[in-house]
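Here's the structure, in structure tokens; my notes come after.
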Amino acid sequence: MSAAARVLPKAVTFVTGNAKKLEEVRAILGSSIPFQSLKLDLPELQGEPEDISKEKARMAASQVNGPVLVEDTCLCFNALKGLPGPYIKWFLEKIGHEGLNNLLKAYEDKSAFAMCIFSLALGPGEEPITFVGKTAGKIVPARGPNDFGWDPVFQPDGFEQTYAEMPKSVKNEISHRGKALALVKEHFASASYTVQSDNSA
């Protein structure tokens, strides 16, 4: 795509109002990508997860007038053909962990996958680039600390612990978010973006 390194007018803005999510992203990215965080009220869209993510990135880029990274997370139950999917946040708010388990009560298949989509838009009017991470697992009765979304009910394949029970370092290594951010990191390393310094200390 490009030979010369792209100079970004300012650090990438990661759009989130979720402190736990921000903490996790900071832990995974470290200092590899200069970014700041900002809570924006973007309309909640419906559609395919990747399309939703791209559209949110476009809207955010025009609001901040610069490069943005937005994230969308889905929890997809195979027995329900991928639902709740991108609507997991509302399902969780309305019916809680027990309700999520009850959705699968009539089904033998408790398998699910967690999916994370990051969309990077380098500025207003730029086509967003998406990075997708997936982790397969199953839905179980809630176990572990109850302070981060649906982590207590998702047990990744190959592990005896739910996301909530795992040490953060282990979760970040294998999670849908960790996998998507590894691709974001890779992209930044190969694209050689540099952030324009304005010399204001």
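These residue numbers are counts, starting from 1, taken along the chain as shown.
Cβ from N, Cα, C; glycine included.
Note on H176 (ITP binding site): other Cβ atoms within 10 Å of its Cβ, all shown chains, come to 24. For 16-21, K56, 72-73, K89, 148-151, K171, 176-177, the entry in Swiss-Prot reads ITP binding site, with the evidence type sequence analysis.
Other Cβ atoms within 10 Å of the Cβ of E44 (Mg(2+) binding site) number 11 in total over all chains. DSSP assigns E44 (Mg(2+) binding site) to coil in the three-state reduction, placing it in neither a helix nor a strand. The feature Mg(2+) binding site is assigned by Swiss-Prot to E44.
Within the same chain, no residue at least six positions away from A19 (ITP binding site) has a Cβ under 8 Å of its Cβ. Within the same chain, residues at least six positions away from K56 (ITP binding site) with a Cβ under 8 Å of its Cβ are V15, L42, L45, V70, D72, S119. There are 23 other CB atoms within 10 A of the CB of W150 (ITP binding site), with all protein chains counted.
Checked against E44 (Mg(2+) binding site) by C-alpha proximity, the binding-site residues T16, K89, W150, H176 yield K89 as the nearest.
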